[in-house]
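Peer 1: Annotation comment: Swiss-Prot describes 268, 271, 303, 310 as [4Fe-4S] cluster binding site, evidence class sequence analysis.
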């Protein structure tokens, strides 16, 4: 059996101003829910996704109106834009002409070779990568006839078939996804894909469900895949506001130490010793830090006796008691604050530390560029 390709060893592929593959960073993606031809609504949703931490966004391109809107959308957003194309190669050509940063297709359903070749040549000319989207629910008939039902081996065979179509045209800026709604099937498919080729892998559990159920299902499946060193980019697919997809993705990556640009909240599960409204405070603080782009760790704990010691890895935190709270940094108490102002005091400290971290990161960046 071939050795599994770790995410750091995958082939680097440029998507807009980002590099996917060849490093340990995972890029968070989402997809718009608007009609793409409605430029104003689509841009507004993308702006919300950007603010939440989305790094790449995909739009459906089902018709010419959608393809024609790409150029206008691109002018108004700050993250790479991906066109989702099915069947009609002319829509891919229009999207590429409009300045799209990546195209998601299955070469096998675009049509005859000359159509695929036209898309590949246009993408190659503009330096645009292609994502091959393998889905357990839409495998080719001959593969289903061979295996009887969707299997990991069948999904990998489909991916290799599509990869070969592009490679035969001397095209190698390829990203591959192996999506399934069955968690175990998805895990097996991604493992086998990581052994079969070294192209970057886009992770996802498709049709995972509503906000609650889909979050659990995606975390279970993608967490198992991430823990094996597989995956270069991911989308949490939810029947919910796409901003929620980004929030879940950020939390998942933080759990594995794979998010260097996101804040983390540490909070206790509550018990009978608590004298403050810890749940509402934790929710308020979580919302406050949700858009921070620095790896600050913030703790909200209900016990002033054990709290600071239990969260000594936190950059800043509060531990509540009746009438007052302890503000602490790295496990050391800084000062006592009145209960009615302790959340505001915590927010002030968060702002200071976040600014320091951002300045330090900028300084490191300037040093590296010299």
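Positions of Cβ are set from backbone N, Cα and C atoms, glycine also.
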Peer 1: Tell me the Cβ neighbour count for residue 303 ([4Fe-4S] cluster binding site), meaning other Cβ atoms within 10 Å of its Cβ, over all protein chains shown.
Peer 2: 21
Peer 1: Which has the fewest other Cβ atoms within 10 Å: 268, 271, the binding-site residues listed?
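Peer 2: Counting other Cβ atoms within 10 Å of each of the binding-site residues 268, 271 gives the minimum at 271.
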Peer 1: Which state, by DSSP, holds residue 271 ([4Fe-4S] cluster binding site): helix, strand or coil?
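Peer 2: Where residue 271 ([4Fe-4S] cluster binding site) sits, the three-state DSSP reduction gives coil.
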